[in-house]
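Presented below is the structure to which this report refers.
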């Protein structure tokens, strides 16, 4: 089986000269048999397309579970709006933080290829168990304890245990899959090769285009099946899709480029601990007290020069061996301000799969007389916007901006992220205004205490907030992926993409904490903002709060972005 990422193999001709680009060899990579990887038969778009197809299937499966999860929790499992949203945010938080573990395992011992295979098997197991857990339900798939449908009977303890076990198994699978697949795809392009470097820059755009196209189909197709046919089938289809995805990934094995690992490279966290110990040791030696003690200890009458020289040599060797490690840790830590100032963006992002869906469920969702749109299907407008806007951005906006700025990517990565954050802020403002209108119409129609009666307001009113989120994703999501892949040390690119995902993990935990705290606070004062009867709730207040936090975050982000220095000279050093 091929090995994962790690140290580069030493490749040389018989006469001692190195293999260069014109030899048709990627000097940093090997093929599936561990031999030097020829450019003609490995890597590039042919290999990347296998990997993109696998990622599309993985996103289909993941969103097939997560997109409509709030309907399942408030339906067959009988949870309240606030409790369901909090549980989903906590699960999303775990799912987005586990890639840190998956990336560490991939970079230290397993390699990206093996990690992807193992994670895919875990996906298949978790999704299969999730589908089987629905058979333990005693309620109809259309029941609901919040609004619409008939009340659900309480679920059994066995059903709850089976459901959450399988759900977190899916989160564990994503933890191994997510940080490795994209990095493995980008590895198929050699950044030192002029043409392949250009292809790799476009890879991130088309990667996101592909997974969003698959997600759009998922949100419409699976949400309809889950709402109208059954949850067992709705969760079972992603299991089959993931099984097919693993087969596709294995078919491309002979075409991939791999980065050799000696199997002894430790994880970043273990090596970071050693670097910190070395740093502490150097600090003690440089302190005045240590210098004084050293002077006393090395007076001529009591000195042991041969022993001291030996110890100094050993310590110097440790410092030399860990010099690159210290630089790697510093290279990761310098990204922390950007990471921290993107967390509220993730909080806003998490609302699209929770409260936006519950809002949509209260509206008139009929298209014509017979077709009723599933509320979770509105999330497809995020993906549709990305699918439509990404080619425009890549083929029109970037070339135009390149002529104006002189930057090869049109605008810098941090500028791209900042534009998306502005669009996200506008989206939350629009969501607050739409919710205010919905509450007013419900009150005027006398529906304040009739949550099961659709509010006479078209679902199309909610489309703009989804479209704005989609446009924001084109800028911020792709920008963050490229930024954390490009700006971390080269050996830690899986860790870099895991850091990007961890933004949404921590953001989901923040959202869960906000929902739980506000629900308790507002309930004590009369009526929860997240009441099971949304006509009596105040989601608009919650959206305004997120908008205010987003504005504050944007100000802090701009400060850090303007002062950030890029690792590579090819990029501009500022966002200004």
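Here the Cβ of each residue, glycine as well, is placed from N, Cα and C on the backbone.
Because TrEMBL annotations are produced automatically, they should be read as predictions rather than curated entries.
The following features are taken from TrEMBL:
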- 1-20: region 'Disordered' (REGION)
- 116-136: transmembrane segment (TRANSMEM)
- 205-225: transmembrane segment (TRANSMEM)
- 231-251: transmembrane segment (TRANSMEM)
- 287-306: region 'Disordered' (REGION)
- 335-356: transmembrane segment (TRANSMEM)
- 376-393: transmembrane segment (TRANSMEM)
- 414-434: transmembrane segment (TRANSMEM)
- 466-485: transmembrane segment (TRANSMEM)
- 497-518: transmembrane segment (TRANSMEM)
- 541-562: transmembrane segment (TRANSMEM)
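Beyond its flanks by at least six residues, the transmembrane segment (116-136) meets 54, 58, 61, 65, 76, 102, 110, 155-156, 158-159, 162-163, 165-167, 169-170, 172-177, 180-181, 184, 230-233, 235-236, 238-239, 242-243, 245-246, 249-250 of its own chain at Cβ-Cβ distances under 8 Å. Scored by C-beta pairs under 8 angstroms, the transmembrane segment (466-485) has its highest count with 376-393, from the stretches 205-225, 376-393, 541-562. Spatially, the transmembrane segment (335-356) is adjacent to the transmembrane segment (376-393); three or more Cβ-Cβ distances between them are under 8 Å for residues at least 6 apart in sequence. Tertiary proximity for the transmembrane segment (497-518) is limited to same-chain residues at least six positions away from its ends with a CB under 8 Å from its CB atoms, namely 82, 85-87, 89-90, 92-100, 102-104, 178-179, 182-183, 332, 335, 339, 342-347, 349-351, 480-481, 483-485, 488, 529-530, 542, 545.
Counting residues 6+ beyond its ends, the transmembrane segment (414-434) has Cβ neighbours under 8 Å at 338, 342, 345, 348-349, 351, 356, 359, 461-462, 464-465, 468-469, 471-480, 483, 540, 543-544, 546-547, 550-551, 553-554, 557-558, 561, 564, 575 in the same chain.
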